[in-house]
Ligand SMILES: CSC[C@H]1O[C@H](OP(=O)(O)O)[C@H](O)[C@@H]1O
């Protein structure tokens with residue numbers, strides 16, 4: 001089976017090709033972003049989504065802006081790219097990878113001596129962000145094997161799969177690696193109201209890979225835990241700060257239930273999702289359009305005039321988390337904060 005890659009960068013056109021995720025599972029459509037505005041629109045509607053995939057999109061967006069620039073002086077070129085890229089910065093505030101991807105490419109072009117050199121550095125840096133995420137997701141999958149017992153019944157929430165990354169996935173990367181190693185695992189995918197990433201995307205990905213998956217509503221998770229039907233919870237992350245992990249709304253609920261039933265609760269995420277200098281109370285949690293709760297596609301699920309609260313993420317405090325599975329090893333917060341800082345600075349650390 002071809003690896004699932006939700007975002008591809010074509011510098012020679014230039015354009016960014018992506019799977020339009022709002023249409024899955026029933027419609028598989030590949031679309032093209034030819035401008036930074038096209039890309040920003042796709043991110044806002046979750047056509048492109050998932051923290052690492054947002055990092056890839058941000059990186060490609062900076063490179064696209066550079067390639068499309070018609071400025072003929074280097075200072076104007078650089079300032080034009082920076083202002084263009086603010087369109088991307090203002091799309092979704094919580095997933096730190098978006099800003100990581102943007103900054104990786106911006107820093108690659110800052111020291112360029114010419115516009116041509118800047119364009120070449122931008123393309124190379126964008127490709128490296130994507131390639132690095134591919135390597136990282138497979139490494140996370142491998143690291144995660146140590147916490148997946150034979151025959152594990154794994155609960156996951158939202159979609160932290162290939163569709164949320166350059167390929168393979170983080171939480172689903174652990175699940176894929178366990179499946180490939182013959183661990184005979186099965187998965188319960190929570191639908192993840194209101195946008196149903198679990199129902200629409202995770203089930204689609206796992207069925208495509210022949211992995212045993214059962215779809216449940218978010219409210220069914222607790223009783224499955226109480227019945228002893230769940231051995232492990234593994235989910236993704238959008239931003240990991242010193243005292244908490246931000247992930248799709250509903251994650252905290254599962255973490256509390258897992259604790260109450262003594263079920264291990266793991267986060268799977270790359271080091272690029274850590275924002276270790278920050279803390280829970282400093283993070284902006286994206287609040288989305290109320291219509292997303294009042295209707296699902298053309299099905300009305302609430303009165304058009306009912307007030308709605310629609311935060312896209314919640315925070316799970318570190319004490320509810322058994323471990324954070326990364327490409328370098330499994331960490332716990334706040335104990336391993338210094339190790340994570342050293343690794344992010346590129347220092348060699350014995351993990
Ligand atoms: C591999 S991280 C995926 C992460 O991103 C999702 O959010 P969204 O669908 O709003 O982009 C969700 O929080 C997943 O855990």
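Keep in mind that glycine also has a Cβ here, set from the backbone N, Cα and C atoms.
The structure displayed is predicted, hence computed values, not measured ones.
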Given that TrEMBL assigns 49, 50, 51, 197, 247, 248 to the substrate site, pick the one from 5, 92, 288 that the record assigns to that site as well. 92
Give the sequence-ordered set of same-chain residues, not counting 49, 50, 51, 92, 197, 247, 248, with Cβ within 8 Å of the centre of the Cβ atoms defining the substrate site. 46, 54, 95, 158, 159, 160, 164, 236, 238, 312, 313
Please report the DSSP secondary structure of residue 51 (substrate binding site), reduced to three states. helix
Quick check for the class: what is the C-alpha distance, in angstrom and rounded, between residue 51 (substrate binding site) and residue 238 (active site, proton donor)? 5
Which residue, out of the binding-site residues 197, 247, shows the minimum number of other Cβ atoms inside 10 Å of its Cβ in this structure? 197
